[in-house]
């Protein structure tokens, strides 16, 4: 059966459906969910996570809208095939944009690469 | 597809009045009915179960408007739990089971026995010897044992111990795997609804205050915390239920995005709980 | 069997058990011994009086028992049409009335008295009249005032026993030609009362069914 490694938090300010969405994207990106893999039914996932059906419905709809998954009427929701590479590229593009902005900002105060690297490490540590 | 629909329903009982109630309970979801004691939750449930007749307006169940003519067929599809037990005190489980077998077309005796064991209900005891929790468990066992597709539960969790409450909520969620299942759940323990409810209906003084998707409600309203210094006439306009202490203020706002942009990291935004929201909306109305 | 009929049987268990006992006592006394010499007559009289009262008022008794702990709210939320509930009430009342007639009949065997048969006709007539009145109210407000109705039942029934049954027993063998109105009261009035009872019972059956569907059940 389905074994989805999803963690959500009720205390975080990120809406639950966003958390579900992000977790599934993470699983797809990390390869834990491959193209063609079935996602649990909305109702099943809602039950397993102890959240409402509408919340899971919304996460699935968003995922479908972004092309990560597709649903087959009467069968279920599946991880989309062709899109994984595209998605990765899209996220890479997004990261490139952020890096550009970051470098531009650090140039204004003459921040060195070492200092920048150090800052990244510190923030990374804080996040985990 | 709606499981329960009320159109412009009014009902007067003594000094209490339900006024022009319009309500659509969506099939396939859990709807939480909240409100203070005496707000009209039980009256609404009595109308839905055909125990009371509306003075005006129309009620339909599963799209059927002939609720009086089809009362028997419709009630067969509904499982109910009353907020207080209404069992004949001198009866025992086996006696009641015989009656239920006759009343419910689809009574599932093995399932009923399964729940009796699972809930540790004492079969040989008369109901008058039951604790309130045990009576509630029996009520729940009955509601779950005749293949109902609509559960109308009036304060089912109020007398349950915390362990059983969690077990019960899990059972409800498991039932919802069937997409034809609908649950209407009145409660004043709103933490029951924080996680599992899809929709929230709030009723106050016989009127519906709101009927909204729970997620949208909790996105709209947030709890904000911050230093007292940032409070001025303009900010206070965007906030309600402001509580000031030595360590800062706490308030509720549906303009939290604007405030976050204004004050950034000075403000901490938090998820509300449904009871906080209920308290807030009720107070907002009273002002 | 109809669900509400079964429910009523459950609630009438003790009434039915005592009825069976009285019937057996009556039959045994009639067949086996002379109850007057056995000193059994006062007991039999009393037992028959009580059981007839219980049988003819059983429909109310069941309703009163059902309101204990407000359990009628539970039973009324179980699947059933309101018209069917009223129909079962009427059928069950006819069943209990026939049973009360049978009890009086077996009692008449003991004493060999035709006057009991007139008493039976009179009681059945009064019983149906009261039931008609009761169900007219019951259909409108269901279980709200069932206790008051029981108290009201005892008035006309008590009257019937005191001013019909007692005189009937006391005037037994008396020459009634001197008091012709007694002749009418004792031997003609019961038929009128019974006819009126049957008629109102039949008419209120339809009105009560109609009214019941329009009313709150709790």
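Yeah, the Cβs are placed from backbone N, Cα and C, and that goes for glycine too.
What TrEMBL records for this protein:
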type	residues	note
TRANSMEM	C:12-34	transmembrane segment
TRANSMEM	C:46-69	transmembrane segment
TRANSMEM	C:90-110	transmembrane segment
TRANSMEM	C:116-138	transmembrane segment
TRANSMEM	C:150-172	transmembrane segment
TRANSMEM	C:184-208	transmembrane segment
Between the transmembrane segment (C:46-69) and the transmembrane segment (C:184-208), are there three or more C-beta pairs closer than 8 Å, counting only pairs 6 or more apart along the chain?
no
Below 8 angstroms Cβ to Cβ, which residues of this chain, lying six or more residues outside the transmembrane segment (C:12-34), approach it?
40, 44, 47-48, 51, 54-55, 58, 61-62, 96, 99, 102-103, 106-107, 109-110
Distal contacts, the transmembrane segment (C:116-138) - CB-CB under 8 A, six or more residues away:
52, 56, 59-60, 63, 86, 89-90, 93, 97, 100-101, 104-105, 107-108, 145-146, 149, 153, 156-157, 160, 164-165, 168, 186-187, 189-198, 200-201, 203-205, 207-208, 211-212
